[in-house]
Amino acid sequence: MLSRRGHRLSRFRKNKRRLRERLRQRIFFRDKVVPEAMEKPRVLVLTGAGISAESGIRTFRAADGLWEEHRVEDVATPEGFDRDPELVQTFYNARRRQLQQPEIQPNAAHLALAKLQDALGDRFLLVTQNIDNLHERAGNTNVIHMHGELLKVRCSQSGQVLDWTGDVTPEDKCHCCQFPAPLRPHVVWFGEMPLGMDEIYMALSMADIFIAIGTSGHVYPAAGFVHEAKLHGAHTVELNLEPSQVGNEFAEKYYGPASQVVPEFVEKLLKGL
């Protein structure tokens, strides 16, 4: 007879197997892929700020990055929001307005990844650290925003997420709860858990090819994805302006502007399919 602990362990293992199967189907087999499509590789792409820099989105870690104007602790932590929500909302309102300027458009790198998804279908997954919507505007649909999305807000009490394109003020409240609660940016701040991690790690365990684009290799857990992918046998590729902090982990590397190296690599990959 199983002990209570044994029952819990058995139930945990069954639930884990079920989760793995659900995620596997969600990521790569949503439309019951036909047999000939099975020959196509499962490709997992990670993008960082470098892919959007050429579209005019300022990066966080560059010399002229956003943190020049504000301390990280003031605008990108839960504690900063608690201290001065108006400052935090003003900061993200400016970023939101910038993103919606007509000159901010997907560049050739974004468009190349949309083309890659078109070729691979549900055997393609894009994970981005960026909070802009340039991947979606380029045509990508299978996207996980692990650090949140700038054009969304969420209830600070229930966590309910809402689409939001305008400014947010301290007077704006979410009415999904019994008592109206303040809205906060739908952005993962320092000290908070990134979004979609179960799905991401499942995809890493199944990927045939892992490609990192425009990432610094400074921020974990994303900086550790290449190691995780290698453990499961994936071929790893870095496409970056310069070698990242984890550049030596990659089997294949190409350096230059994202708008140049990403389309070139995608064309090379598509020719091999």
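Every residue number used here counts from 1 along the chain in the order it is shown.
Placed from the backbone N, Cα and C atoms, the Cβ positions cover glycine too.
Feature annotations, reproduced from Swiss-Prot:
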- 20-272: domain 'Deacetylase sirtuin-type' (DOMAIN)
- 48-67, 129-132, 214-216, 240-242, Ala258: NAD(+) binding site (BINDING)
- Tyr92, Arg95: substrate binding site (BINDING)
- His147: active site, proton acceptor (ACT_SITE)
- Cys155, Cys174: Zn(2+) binding site (BINDING)
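Structure coloured by features recorded in Swiss-Prot.
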residue : record                       : Cβ neighbours (10 Å)
Ser52   : NAD(+) binding site          : 26
Gly56   : NAD(+) binding site          : 13
Tyr92   : substrate binding site       : 21
Arg95   : substrate binding site       : 17
Gln129  : NAD(+) binding site          : 22
His147  : active site, proton acceptor : 21
Cys155  : Zn(2+) binding site          : 20
Cys174  : Zn(2+) binding site          : 20
Gly214  : NAD(+) binding site          : 27
Leu241  : NAD(+) binding site          : 18
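DSSP classifies Cys155 (Zn(2+) binding site) as strand under the three-state reduction. Every protein chain shown contributes to the tally, and the Cβ of Gly48 (NAD(+) binding site) ends up with 27 other Cβ atoms within 10 Å. Checking each of the recorded positions Tyr92, Arg95, His147, Cys155, Cys174 against Gly214 (NAD(+) binding site) by C-alpha distance, the shortest gap belongs to His147.
Leu241 (NAD(+) binding site) sits 22 Å from the residue listed as 'active site, proton acceptor', taking the C-alpha atoms as the reference points. Arg95 (substrate binding site) sits 12 Å from Gly56 (NAD(+) binding site), counting Cα to Cα. When the C-alpha distances from Cys174 (Zn(2+) binding site) to the recorded positions Gly48, Gly56, Tyr92, Gln129, His147 are tabulated, the minimum falls on Tyr92. Near Ser52 (NAD(+) binding site), with the C-alpha within 10 Å of its C-alpha, lie none of the recorded positions Tyr92, His147, Cys155. Annotation note: Gly48 (NAD(+) binding site) sits in a coil segment as assigned by DSSP. Spacing of Gly56 (NAD(+) binding site) relative to Tyr92 (substrate binding site) is 16 Å (Cα to Cα, whole number). Ranked by CA distance from Gly48 (NAD(+) binding site), the recorded positions Tyr92, His147, Cys155 have His147 at the top as the closest.
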